[in-house]
Amino acid sequence: MAEHGTDEPSSSTESPDGEGRDSGDRLLLHQRLAVRELIDTEASYLHMLQLCASDIRSRLQQLPQGDLDVLFSNIDDVIEVNSKFLHDLQETASREDEQVHSIGNLFLEFQEELERVYKVYCASYDQALLLVETYRKEPELQREIQGIIEAAVPQAGPSGLSFLLVIPLQRITKYPLLLQKILENTDPDASAYPVLQRAASALQDVNANINEYKRRKEVASKYTRVGQLTLRERLARINTHTLSKKTTRLSQLLKQEAGLVPRTEDKEFDYLEERLHWVSLCVTETKNNVAVYLANLEAFLRFRPQESELDIPGGPVVQYCSLMGDLQLQAFPDFKQRLEGLVWQPLCSLAKALSGPQNLVKKRLDKLLDFERVEEKLSEVGSVTYEEQEARHTYQALNSLLVAELPQLNQLAMRWLGQILHTFVDLQRDLAKQVLQRAEGSLAQLPHHHLSEPAFRKLVEDVLGQTGHQLRSFQENFEKVLPPPTVQPLLPGAERQVQALLSRYGPEKLYQVTSNISGAGTLDLTLLRGQIVALLQNKDTKGNSSGWLVDTGGHRGYVPAGKLELYRVIPDQEEVKEQVQPPKDSHHLTPEPSPAPVPSVPTVTQVAAVYPFVARSSHEVSLQAGQLVTVLEAQDKKGNPEWSLVEVNGQRGYVPSSFLARAPSPAPWGWSLPS
C-alpha cells in the first residue's frame, strides 16, 4: 500500500517539461501529416493530369482538333512543370530534419513556372466550359464523351468533362492552403517558419496574378469579338448610351488637340504600337506581293505555246515543246500547290492573327480617353461613380495586357514571317533545281552552252551594261527637249481657295500634295494630287513628324509629310508674263524649285504626253506617258495657258500643258544578244 501511495502522485501529476514535449510531439506529428498530404495529393493530381492528356484526349478524336486544343489547353506544359515539382518534392523526404525548410524553398523556386503555365490554362477555362455546354446539346455526342470519361475516371460521375477540366484550377488554389496547414504546425522559432511564410505569400500572389491575367484576357476577348462584328451587328448595338460615350470621347480628343487638357504619354506602349504597325505592314505587303505572284503564275500556266503549231521544223523546237509540256504538267503545278499551302495560307493566318491585337490597340485609344476623363474628374471632385471606376480598371487591364504581350507578339510575328520567307526561297530553289534536272538534255541546244559559268556571267553583265548605256543615252536625248518634271498644276478655279490660304497663313506655310492621299483614320484627310494646303503643325498627336496637321481652307486634319512639297509664291516677272500671260494683279503659284517656263503648245498639233495624268473631273481626260495627243486649243476657256484642250482616243478634255511636248527623233537604236 505504501508503494502504491507513493506511486499515485507521480502518475497523476506531469512536469512542465513533459507537457512541452507532448505538445511539440503533437505539433511535429501534425506537421508530418500535412507534408504527407501535400506529397500524396500531388502524386494523385499528376496521375490524373497524365490520364487526361494520354488516355482521354486520345480517345476523343471524334472532336475537332481545335476543340481539343481549347479543352486541354496547355495541359502538357502543366504536366511537365508538376512532374519536376513532384520529383523534387519527393526528394525532400530524404532530408527529414530539413524537409519543411526544403519544401518552402521549393515552392519559392517554382513560383514563376507555376504562374506561367497555370495562367494560360485558367485563362482558357471559360472557353472550354462553353464547348462542354455545346456538347450537352447533342445527346449522342454527349453520351459518347461521357462513356469515355467514366471508363477512364469512374469518380468523374455525371459531371464528365467539367470534373476533369476544373482539377488544375482547384490544385493551384489549394497550394496556399496546404502551405498554411504546414505553417500552423511549425514552431514559430524554427528556422523553416519564415521560409514557409514567404512561400505561402508567394503562392497567394501567384493566384492573384492568375486572376488578374484572366480578367485582362476576358477584357481583350470581349473587344476582339466586337471587332469581328458585321456592319449590321454594329448598327444594332448603337443606342443612346453608346452615342453618349462616343460623344464624350470625341470631346476629350478635341480638348487634347486644342491643348486644353494634357495628353497621357506612354513611351513604352507607343514604341510597341509602332513595332506592331510595321510588322503588320510587312505582313500585308508580303501577302499582296505573294497574291500578285500567284496570279502571274496562274496566268503563266494558262499560256501554253508548246501546244501551238509552229512553222519551225524539228530540232530545238521539239525539245522545247517536250520540256515545257513536262514542266507545265508536273513541276509548275506542284510548285503552285506547295506555294499555296506553305506560303500563302500561313501568310493569311498570320494576317488574321494580327487583326485581333490591332483591334485591341484601337480600342485602347477609346479606353484611354475614358481613363483621362475620369482622372480629370477624380482630381477635381475627388470621387467617381462605379461605372467610371470600372472604366479606369478596364483601361488599366487592357493597357497592362498589351504592354506585357506585344513584345512577344511582335517577336513571334517576325519569326513567323521570316520562316515563311525562308520557305518561299526554298521553294524557288527546289523549282530551279527541278527545271535544271529536267532540262539537262536540252542544255546543249542553247547558243552559249559551251561557255563556263563565269564566262556566261561576264557575257550577261556586258550585254546588260551595253543595254543600260543605250537606255541612258536615249533618256538624255529625250530629256533635252522636255521641261523639268513639275508637280501637278492647280485645278481651274482653285485660285480663290489658294489665295485665301495665302492671305491667312502666308507663302511660307503653303504646301502642295504630290500624290493622291486616302485618309484611313478619323482625323486623316483625303486629298487629290496637286491640291494646296497650309501647314498648321509639323507633327501628329503622338509627336511623330511623319504626319502633319494641315488646313485645306475648309477642313483640317492629318496627312503624310512625305506627300507634301513646299510651295513659294513668285512675284510677277516680265519673262513669266510673256510665256504664261497670267491675269493682272495675280500671283503664280509653283512648287520648289523655281519652275521652268510653261512650254507653248501650238493649236491642232499632235504631241506626246511626257507624264501620266489622271483626270479628276469630267472636264479633264487621262493620259499615259508617251501617248500621242492632238492639241485642239493651247489654253482653257479663261485663256489660261497652263491647261490645253486635247483629244485622245476619241475623248476630249483638258490636261496640263506642261505635261505635253514634242517627242525627239533619236537615231535608231536597239540591242540583241550576241551569238
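Numbers run from 1 along the shown chain.
Backbone N, Cα and C define each Cβ position, glycine as well.
Annotation source TrEMBL lists compositional bias 'Basic and acidic residues' at 576-590.
The annotation domain 'DH' is assigned in TrEMBL to 30-213. For the domain 'DH' (30-213), the model gives a mean pLDDT of 90.
The domain 'BAR' annotation in TrEMBL covers 254-455.
Under the heading domain 'SH3', TrEMBL lists 506-569 (among others).
Taken from TrEMBL, the feature domain 'SH3' covers 602-665 (among others).
Taken from TrEMBL, the feature region 'Disordered' covers 1-24 (among others).
Annotated region 'Disordered' per TrEMBL: 576-601 (among others), in sequence order.
Across the range of the domain 'SH3' (506-569), the DSSP-based residue counts are 6 helix, 29 strand, 29 coil.
Sorting each residue of the domain 'SH3' (602-665) by its DSSP state yields 3 helix, 28 strand, 33 coil.
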